[in-house]
Amino acid sequence: MAKISGLCVFKWYPLYAYQCPATGPSVQLKYSAMTPRHNNNVNHVYNGPDIQWEDESLRPPPAPRLFSRSSYASYASKASKRSFYSYTSSCFEADDERSDTLSFADWITTTMSGRMSPANAGDNSDSYPYGDDTDGDSSSGLPPPRYPGDDTRPTSQKELAGWYAYAFAAEVYVICGIGSFIPILLESLARENGVLLSDRSKPCGSSSDKHTTSAEGQCVVYVLGMEINTASFAMYTFSVSVLLQALLVVSISCAADHGNFRKKLLLAFAWIGSACVMAYIFISKSTYLIGALLAIISNTSFGASFVLLNSFLPLLVRHHPEIDQVGDYGSPGYATTEEGDDEDDEYQEDSTRNSTTALLGSRRYEEGEPLSRVQTTEELTSRELELSTQISAKGIGIGYIAGLFLQCVAIAILITLKNTTWSQRIVLCVIGAWWAIFTIPAAMWLRPRPGPPLPTKSNTGGIRALFHYTIYAWKSLFRTIHLARRLVDIVLFLAGWFLLSDAIATTSSTAILFAKTQLHMEPWALGMINVISTASGILGAFSWSFISRKFRLKAHQTILACIALFELIPLYGLMGYLPFVQAWGVGGLQQPWEMYPLAAIYGFVLGGLSGYCRSLYGELIPPGSEAAFYALYAITDKGSSVFGPAIVGAIIDASGEIRPAFWFLAAIVGTPALFIWFINVERGRTEGEALAEIIEGFKMNGQNGLNGNGADGLADDRRGSDASRAILGRYDDEDEE
């Protein structure tokens, strides 16, 4: 506190100041210590507007800006608009990450520091608490960016919460919507518009009637002049939706990989899909084809949004604090366990330094400072894969918890409203509302994580820019396919995933239709199948990591164990063809209750496959090409699902029943094991990083440090990161052959 004599009061506080008027009596001020830069107990004389200084070097820093009521109001107004900015700003950043919407303490601190520091006395720009995000200055504590706008800030807990929030919002659609009530509703609406196969003059009865399993009870409906079995109507609808989904994710992959569109597109598809699901409340018997159209749009939007969500996973892992603390900026092979002195501190040479000191790299170590070994590439790969699996499995588990809760709510609605199509439409409306509402936290907390800028010859906008992005995306896809052929483990994974994802999607829809049409289960009983499956999925999502550690299984070995359990489902259905099993009257899916233990197996297996496949593939992707390679992942996933439901639908049309489709399911479930068996994660990661250097023309951040090249290599990395590099932009396939 200042020692004051006279009428003028001049107080210094950490957050505000009241200045003396421009005129007034001379005031003798005795400054107390404010910063280490100023001496204590120095007398200064205040004479009106100017201060007489005996020594100009003792002049204190400029007074901070007056923090008035208007400043409070300005901050309150800015804080009240945070959520609105999250949806409308060009950056679409999380509230706590926006430089213009800092927290109260950060705003005050950066404002005061910018005005009180003599070094910044002439700088009127707003401070950024996370450091400069463009120059890669090591003083900011952040890794140097690989391209302009690269967000190298560590992954925060709020950002992870935003990623989990979207899984919590959208998984209910695939569990309760497309995996349960949408195929049930589509089959019911098609049957209400269909006629009997044996007598086309008679309308179909309810699918719960026992005679519908016979040839006389089969029901057909005419769609665009084609005769389709009502049980296969939903299967064909899904085939069309995944075909469009595959085309869509390719077209948006460029916009997701380049620029700042990844998060915007995710939210756009989320709200389009949720709106379509809520629109089922208006669907009736006469508009059943519109119901199929809503299923196509919603499923396409869901798939596209999840491709974009998956593309965040490698970025969250790469910038996670547990990965960043490896010590890339330390000496080769070793890193200190504690942070050294600040760069502004004067380095005092120690008399104990000798000829070996120069070998320690560019960092300065105090005598006796403990050293710890930096992780090798193989250890880092193992740690990143473990962290990726944990995050992925946790996201799956959170989504399953949401699906389980909403499935119980749906069953209560169905029982209360007597299992009518109206009750099914209400359930779907609730599912869509859930999807839309819980997407809001993801919009607020998830960072955009922009990619490299797209190389363009001129500044284009509007429709021309959209057309340019789409054309570039398809060109990039073919380049990505060409590049993926060089990555043995990527090829092996995608070949296995092509069949495995088809088996997952087709088994779910086939089982629901089999239970409804062959076992004559009520909608609430069908909902119980999903409740059991979802509960088992939660258990599987959190149990497979324990199982893999207990038996020391690698990621691809855990996937093989899941496939082995998965194969039991179609094999059990085929047991119904055995004469002695038919004589028992139970077993081989002859009784409705048999669906429940199989649902438990399916959910437990899916809980492991969903997390491990996604994280395993993420480790094999060349850094910087996440959205492009996840688009290829989605094409393999959803593109294969075009064939599965269509083949099952053709089997139903040809045979009049669903059980023969289990032969097809048994084949596509078991075959992927042949490809997954030969995957080597360490080899795939090394090849991916090497390919990333060819694609983007840069060395991975910290790679030279890990390999022992020291400060010189790090300086080269920093110099190489100044220029903008576009993924696949300047890559010449012919030259690399």
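Using N, Cα and C of the backbone, Cβ positions are placed for all residues, glycine too.
Keep in mind it's a predicted model, so treat the numbers as computed, not measured.
Swiss-Prot records N-linked glycosylation site for one of Asn299, Asn354, namely Asn354. Contact between the transmembrane segment (166-186) and the transmembrane segment (632-652) does not hold: fewer than three of their C-beta pairs are under 8 Å, each pair 6 or more apart in sequence. Residues within less than 8 Å, Cβ to Cβ, of Asn419 (N-linked glycosylation site) and separated from it by at least 6 positions along the same chain comprise Glu522, Pro523, Trp524. A contact between the transmembrane segment (232-252) and the transmembrane segment (632-652) is present, since 3 or more of their C-beta pairs, 6 or more residues apart, lie under 8 Å. If you look at the transmembrane segment (632-652), the same-chain residues 6 or more away from its ends with a CB under 8 A from one of its CBs are 228-229, 231-232, 235-236, 238-239, 242-243, 245-246, 249-250, 303-304, 307, 310, 477, 480-481, 484, 494, 497-499, 501-503, 505-506, 509-510, 617, 658, 660-661, 664, 668.
If you look at the transmembrane segment (593-613) against the transmembrane segment (524-544), you find at least three C-beta pairs under 8 angstroms, all six or more positions apart, and that counts as contact. Remark: the transmembrane segment (487-507) makes no contact with the transmembrane segment (289-309), by the rule of 3 or more CB pairs under 8 A. Touching of the transmembrane segment (395-415) and the transmembrane segment (289-309) is ruled out by the presence of fewer than three CB pairs under 8 A, sequence neighbours closer than 6 excluded. Within the same chain, residues 82-83, 86-87, 92, 94-96, 158-159, 161-163, 165-166, 168-170, 172-173, 176-177, 181-182, 185, 263, 266-267, 270-271, 273-281, 298, 312, 402, 406, 409-410, 413-414, 417 sit at least 6 positions outside the transmembrane segment (426-446) and bring their C-beta atoms closer than 8 Å to a C-beta of that stretch.
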